[in-house]
Structures are given as C-alpha cells and as structure tokens.
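According to Swiss-Prot, the protein has these features:
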type	residues	note
BINDING	12-18, 40-42, Arg304, 330-332, 413-415	GTP binding site
BINDING	Asp13, Gly40	Mg(2+) binding site
BINDING	Asp13, Glu14, Gly15, Lys16, Asn38, Ala39, Gly40, His41, Thr128, Arg142, Gln223, Thr238, Arg302	IMP binding site
ACT_SITE	Asp13	active site, proton acceptor
ACT_SITE	His41	active site, proton donor
BINDING	Val298, Thr299, Thr300, Gly301, Arg302, Pro303, Arg304	substrate binding site
Amino acid sequence: MPAIVLLGAQWGDEGKGKATDLLAERIDYCVRFNGGNNAGHTIVIDGETYAMHLLPSGVLTPGVVPVIGNGVVIDLGVLFDEIDLLTARGIDTSRLVVSANAHVITAYHRVIDKVTERFLGKARIGTTGRGIGPAYADKMSRVGVRVQDLFDEKILRQKIEGALDQKNQLLVKVYNRRAIDPTAVADELLGYADRLRPMVADTAALLNDALDHHKTVLLEAGQGTLLDVDHGTYPFVTSSNATAGGACTGSGIGPTRIDRVIAVAKAYTTRVGSGPFPTELHDGEGEKLRRIGAEFGVTTGRPRRCGWYDAVAVRYAMRINGVTDVVLTKLDVLSHFERIPVCVAYRLPDGRTVEEMPMTQTELHHVEPVYEELPGWQEDLSAARSLEDLPKNAQRYVEFLQELAGVPFSVIGVGPGRDQTIQLKALV
C-alpha cells in the first residue's frame, strides 16, 4: 500500500486534523513529520473536542499507530502532558512511536526564543515562543540534542554544556539575562528518559517495513505551505519544511513510495503572526469571519487574521506540492455573507496584474488583491451530504475554487463534526 501526504495549502489552521480523522479508519500509521508544539490541530468526535499539538491525529483512532518522525522537534514536557490528558479521557496512547533521531526542545531553546523575539521589537516574526526555531537552528548547526541522547548521560551532558558555553555568553552579554545551568537542563531531560525509552524506535525502518508489508502510511504536516521555511513567505515562516518534500526528509520515506498528496484549504484564508496577507480584512467582515469561524489559535489562543480566499496562493501550493486531491473546509462559515469575493490575481505596484506568486518579498508585501465577487447563499449547510444538497450559489463557489486550483476537490467540510462532510471522491 502507498504512503499519503496530508498538508496545508495556506498559512496553517486549514483543518488538517479533521481531514486526518476522515482518513483514519483506512490507514495503519499516522506520522507527524515536521514542526513541534507550535502547531495545533482540533478534532471533534461524537461531540467531544480534542486539541493536540504534538501527537499525530491518528492517536484517536484505535488500531492506528501514531508516529512522531525524525523531522519533529519535541518538547518532552508537552508530549507527556498531552499523553496524560488523552489517557484521562480514555484514549489509548500506548501505540505511540517516537523517532530516536527527532530533536529535543530544551529550556534554553524556550528562553532564547522569547528573549530574541522581544529584542527584535517591531521586526519580530510572531513566533509562539516555544523554542521551535532555536531547536531547529541547533539542528542545522549540528549542536542539537536528539531523543537518543537521553539514553547516554555522558553524551547528553557534554552536548548541553557545549551548547551553553556559547548561548550563555549571548544571554548574559547581549540580552542581559542570567546564565542557564547546564546541569539543571540535563537533569530535567534525564527525568523523562525512563518513560520515553519504550516509545523510541528507528521510525524510518519501521515505516518502510510497514510499506513493504502493504500497510497504508499517512504523513501529516504541521503548519501550511505558505509557512514552509523554503517555499513560504520568508522570513515570516516556521523553521521546518511543511511541504511534500518535508514529508520525505522528516519521515525517512522515499518520494517514489508516495502515491497521493492531499492538500487542505479553508474556504477563506487565515493567518497567525506577522507577514504578508494580501486578502486580509481589517473591517467588520474580518471580525465576522473570526467570530463565526472561531478563528483563535489552538496553541496560543491568539486571534487569527482573517481574509477572503486567495486563489493565487492556493494555486502556488498546488504546484509546490504536486497535489492530487483537495479537501475544502469551513464552507459553512461563509453562509453568513451576502457576497463573497475571491482573489483571482494580484496587482503589483507598477500596475501589472499577475496570477502567480511574485518572485520577491518586496513585491508580495505591496500587492493588491484582484477580486471576482460571487453571490452568497445564506443557508445552513450542516446537513448537506452531497454536492447537490448545497444551494446553487454554494455549488458555484466550490466549482469556481476548483477551477482556479486546477486540482479536483475530493471532500468539502460543512461543519466541525466528523460526519459534516461531503465526500466527492475517495481519498484512499
């Protein structure tokens, strides 16, 4: 059986958790391959809401093996808090497998993330302050702490002492903060070792062996394409690859083993943190989208910036990821609008109109959206289970977005519940 990639086509928060849940009964393994607890996903099952940050969505489905891949950076305190919360609600988390090569977020990563963001002032990126960026920076600088290091105390202490030799100089002399005690950091991590050990494995070998035995593996991205460190709106991005290429490097599964790439897109657009957002609404309609769509971050609780659907950005995500199927979510939120503009192009400062993402950051920051306006429907969609059940104007809206994306829409979300979906085509 194949590997399937599921990712976001916008700036994250597209509803990937619900899409994973729809697939869960047809998959055997569910893998997080990037990011850390800066990403959040919410799933509603039988009226129960589950909000998670590190654990793969598949943990909620009996029989599915949830895997945290080597591309993830793990805050072990957050991981075990999530496990304990789910266990208290009757969810079996004993199947969880964690890559020995995943990197670990330490206390000094969190401190550096917060003080750096404050130091930047108005130029700040808008990070969650959870140490994600500094942990990835250490990974690339080859001074990071990996999960496997927790089982070799000597190596762990050497790595932490070496890292803090430099970081404490920065904290004390530049940021006017106190130095961090390497012994305390190491002791904290070693305190997790015994509980963590039974979960740890060579996940690349595990997943490739599963594919060899005709199992289905779902590779689940955190964040979204436009937050990808290489292909997103840099520098206002996350620190990992949230695109299809990241699924390979973050899991150890080769590209020829991937059969489908499913992108999730909201029927409008949201963004958290700083950075360009061409269709952002600064008026009552933006606030209305935020209120009706409950657009507040799962991880931070911050209100999300809201705007109309950006077909230019979504089409870019289709190309970057080689998308085969689209899941459109939150169509029901738009039921409260008489008219619904869709961004079909950008107008550059020099007056040119383009239908592709501008090459430079400067151009993107100064584009104006070119809208085509469609009539709304103002009817409840939550009971719709086929395209024909939708009002004509809602059908027209979906068909227009599909035409602009150039990729078939396989699922349409018409509410937060697992059953509030229209399945146009099987995803697996």
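We number each residue from 1, going along the chain as drawn.
Heads up, the Cβ atoms here are built off N, Cα and C, so glycines get one too.
Annotated features, which come from Swiss-Prot, shown on the structure.
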residue: Asp13; record: Mg(2+) binding site; DSSP class: coil
residue: Lys18; record: GTP binding site; DSSP class: helix
residue: Asn38; record: IMP binding site; DSSP class: coil
residue: Gln223; record: IMP binding site; DSSP class: coil
residue: Arg302; record: IMP binding site; DSSP class: coil
residue: Leu331; record: GTP binding site; DSSP class: helix
residue: Val414; record: GTP binding site; DSSP class: coil
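Of all the binding-site residues listed here (Gly12, Gly15, Val414), Gly12 has the Cα closest to the Cα of Asn38 (IMP binding site). Of all Cβ atoms in the protein chains displayed, 27 besides its own lie within 10 Å of the Cβ of Lys18 (GTP binding site). The Cβ of Leu331 (GTP binding site) lies under 8 Å from the Cβ of Ala267, Leu381, Ala394, Tyr397, Val398, Ile412, Gly413, Val414, each on the same chain and at least six residues away in sequence.
With respect to their backbone Cα atoms, Gly12 (GTP binding site) and Pro303 (substrate binding site) stand 14 Å from each other. Of the candidate binding-site residues, Gly40, Gly301, Arg302, Pro303, Arg304, the one lying closest to Gly15 (GTP binding site) when CA atoms are compared is Gly40. Of the listed binding-site residues Asn38, Thr42, Gln223, the Cβ environment within 10 Å is emptiest of other Cβ atoms at Thr42. Take the CB of Gly40 (Mg(2+) binding site) and look out to 10 A: across all protein chains shown you find 20 other CB atoms.
It is 20 Å from the Cα atom of Pro303 (substrate binding site) to that of Lys18 (GTP binding site). A gap of 9 Å separates the Cα atoms of Arg304 (substrate binding site) and Asp13 (Mg(2+) binding site). Taking the C-alpha atom of Gly40 (Mg(2+) binding site) as reference, the shortest distance to any of the binding-site residues Lys18, Gln223, Gly301, Arg302 belongs to Gln223.
Ranked by Cα separation from Gln223 (IMP binding site), the binding-site residues Asp13, Lys18, Thr42, Gly301 are led by Asp13. It is 21 Å from the Cα atom of Lys18 (GTP binding site) to that of Arg302 (IMP binding site). Across the fold, the C-alpha of Gly301 (substrate binding site) and the C-alpha of Asp13 (Mg(2+) binding site) stand 12 Å from each other. If you take the Cα of Asp13 (Mg(2+) binding site) and the Cα of Thr42 (GTP binding site), they are about 9 angstrom apart, rounded to a whole number.
Around Arg302 (IMP binding site), the same-chain residues at least 6 positions away in sequence with a Cβ under 8 Å from its Cβ are Val272, Gly273, Phe296.
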